[in-house]
């Protein structure tokens, strides 16, 4: 039996490194916010405006519009969507015990896409009163309802006797995705030229439609969902041992699954609804963080939120500026940057997944 | 304050795994469950740990386990599974700390290292779990389990170790080490139930033994009472002889003769 | 942990490289500046809208345009704000227009709200598939630019030219040729124009018959449907890539092979904006197509 004297100095602590990363990422996030407000297609810059205010001058109409109606809402939406996608990715990877899971795995992506296509192609068929009520928010609302609807459907299909089987959910998700794809195909066929273009652009994702209205409607839901997800840290750690063992160490596994699925549906559903289909953030961000500071979910979830926000805000700056005065769909930027990083991760795959 | 299993029945579809097994394990003792493959040993442990649905009743320290929440159970008993799986590359010390979540030690910083030291793996604390051999991984899991119920007796109630084939991947020296840990835990006032494959280790370390065969309990008592030619031959379906010396020219190594 | 340190180092290097690329991109993009005339204050969205602005003698007032504006040749030197239904609000504002003339359907709606909030006038020009429609376009644009007199003049010219072209193109039903407008042949499938499109309107104006009119809009049609349509002439846009298939490849396609068009190797290619824009050059488009279908002077 080993004597107590064998215990040397406390082992090197990845946890403290991860906690230090909170501060590092928070600082980087502040920097990203400043860059986002400073840089844009017009020559309006944050620092110049602050200087003006400091000297007591009033801002011009253009400066006010650019800062308060364009850049600030985009910043708010970018950080909400980035954080939502990254945290959802980390939560799903923990829940399915697979580093290749992404937020769409609970059916949100397929459902949201189908909702958006329905709204774009068939939206004109709704009664006029409804169209007046919803205005031009039909696509986001439909996408959100579609995302929620498909998640709830998957949840019902995979839950028996109060116990959810993640394996069933995965398979049912594949089936649902195929069905949504087929229905989308029919709608694509029915679509005219303009609707097809709208569909394509929606699928590529964009923050160009950012507005305070969208931030106010999506923000609280995303915030709540991320908050719920952040509480899953200990539970997801235990789940890495397998569901049975997780229960043995005292985790209420079913409650955790329900919270995780609902939180991801809420956060990702709202994010996709207001910004279209943005990829790679959900998979790549948690991976990078696991490489940097380990898989402990207590810190991984919060760091994912921060890094996701930073990356999407910076990607949006690129999207806005690189082909000004036109704009790249942000999904292209995240794909162009994310795919090489993802490939690099896969090539370096030693010890990243269960043997 | 014992662990009492009454009339446990478990079926998987049409196959009946347990046909009404009853068992009482007392604190301060190591209770072993032995039997051939498919006799229902792990199933019985699964019922006792509330891991699978069963008919019958299990009482732990006077309370029905069906009425207890997962964290209440976790505070009183720790379970060592047969296979150790881990989905993400945690380090060894991080894995052991997982046991602290609902255990009795709180977030006490030195318990994980002390638990690792007890299984002889303190120097592995920063290794990635997936890089370990099967035996080392099993010992790390034992450390986790020990960290969960670090004090064998707390609040006047015994804590329980429920071990499913705890020595299956270990070499003989480590087998003795682990069984010794289990016995010390029992002697300090805790309770231990272990599903065992190895009859010799069972004879050495168990205070009471239950022999299962075909979903039923054939015998329950001390090793001397239960490990007999007749009972074992019936259970395992082959002619076994207890305490009979082997043919002279073939060497035999028994754990009984080893020294710690 | 050695593994962790080495991987962290590579990771840091990768992230630094990405960040450096990002900085380079943003800095280079900020330095773009297109030289424009000092009187320029108009952003024009839509190929035919831009054409009309130029035809009214106001090309010097254009500051920027969208991706479909390709005529007259000078406009392609102007900054391009991208696809009209997916505008960048700050990008549009950075061009600094005081007036935006746009075809129908600009978006996204939030971008337009912001642009209006910045006190930029936004005038929507209604789409047109008829002579009256084209004249209305000219009137709206002329009013917005403050050159209503010139607009009247241009409208009169266009109406005269177009009526003459359409009259010359008239002929008895039995003599009319069946025309199939093919938008694209990507992946070997024919994407053709049904009724209610600019292509359909042009074909009828030029004295032809749309070979497929059972559906609305542009759709993929089956090989058999092409056979049933039995077009005498294939009409296509004159562009590179799949839109501009070489004659041999076109007539080799199984769906086209059996048509009367293939037997006479009759295909007409015209500039896309000229054909489908329904701007001031529509009369030219009608004459050009008519000549191509029936020969000059027919």
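Any Cβ shown, glycine's included, is placed from N, Cα and C.
Keep in mind that this is a model prediction, so the values were computed, not measured.
Annotated features, as they stand in TrEMBL:
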type: TRANSMEM; residues: A:20-51; note: transmembrane segment
type: TRANSMEM; residues: A:72-92; note: transmembrane segment
type: TRANSMEM; residues: A:104-126; note: transmembrane segment
type: TRANSMEM; residues: A:138-157; note: transmembrane segment
type: TRANSMEM; residues: A:169-191; note: transmembrane segment
type: TRANSMEM; residues: A:212-232; note: transmembrane segment
type: TRANSMEM; residues: A:259-288; note: transmembrane segment
type: TRANSMEM; residues: A:300-322; note: transmembrane segment
type: TRANSMEM; residues: A:328-347; note: transmembrane segment
So if I exclude everything within five residues of the ends of the transmembrane segment (A:72-92), which remaining residues of that chain have a CB under 8 angstroms from its CBs? That is, six or more out. 29, 33, 36-37, 101-103, 105-106, 207, 210-212, 214-215, 218-219, 222-223, 225-226, 229-230, 232, 236, 260, 263-264, 267-268, 270-271, 274-275, 278, 281-283, 285-286, 289, 297, 300-301, 304-313, 315-316, 320
Test the contact criterion for the transmembrane segment (A:20-51) and the transmembrane segment (A:138-157): 3 or more CB pairs under 8 Å, pairs 6 or more apart in sequence, then answer yes or no. no
The transmembrane segment (A:138-157) touching the transmembrane segment (A:328-347) per 3+ Cβ pairs under 8 Å rule: no
Beyond a gap of at least 6 residues from its ends, the CB atoms lying under 8 Å from the transmembrane segment (A:169-191) belong to 96, 105-107, 109-111, 113-114, 117-118, 120-122, 150, 153-155, 157-158, 199
